[in-house]
């Protein structure tokens, strides 16, 4: 199983993008320049028609990608053309995996250099079949923990976790306001008592000020909605500059 610590030094810069937004050409050009960016780990959002965990901005981006014909096959074709030293993680809804076939999907993802899967709507209790395939192909199925998750459930969730722990810093959908820093610090301490895996904080982190604050709390910071916003205007040079601004030290 991949050790995500090898992809960053002091703190991980984790970004999220919707593949195919604002168009396939921009996505591909961005991925070709990924190694020149401050991003250590990139979550690749696979567009889905019912993105229940996503806020309006990401949901709209997914719709635009879908309207242009971006599907799981074009995602795989795109990634086959990409070579990068950075860690790639799929953020994908379970129905897409199930429809493609669990083993077939995980095997294909592994062949394309994917290190891990994040499946936001899949509960721990329903994840056995996917865990089995991920273990077979040495891909991490990422565990999500909320600040509101009770301690005993945290212990249960992280016991067999792989890759990293995704700590949801806000309650609800992506792009919403983050909870108090002190609450997050307490949750990180609680999680650390059960696992040595790195803990990355995401949801509600909107700008460089937020990133700098969260670096003091966790091992990595995940920025989603604000990164997707950078892509709206479509100019790659501006996109790269905006991403550098979000993650600057």
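Residue numbers in this text run from 1 along the chain shown.
From the backbone N, Cα and C atoms, a Cβ is placed for every residue, glycine too.
Per Swiss-Prot, the features are:
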ACT_SITE  43  active site, proton acceptor
ACT_SITE  54  active site, proton acceptor
C-alpha spacing of residue 54 (active site, proton acceptor) relative to residue 43 (active site, proton acceptor), in angstrom: 14
Residue 43 (active site, proton acceptor) CB neighbourhood, other CB atoms within 10 A: 26
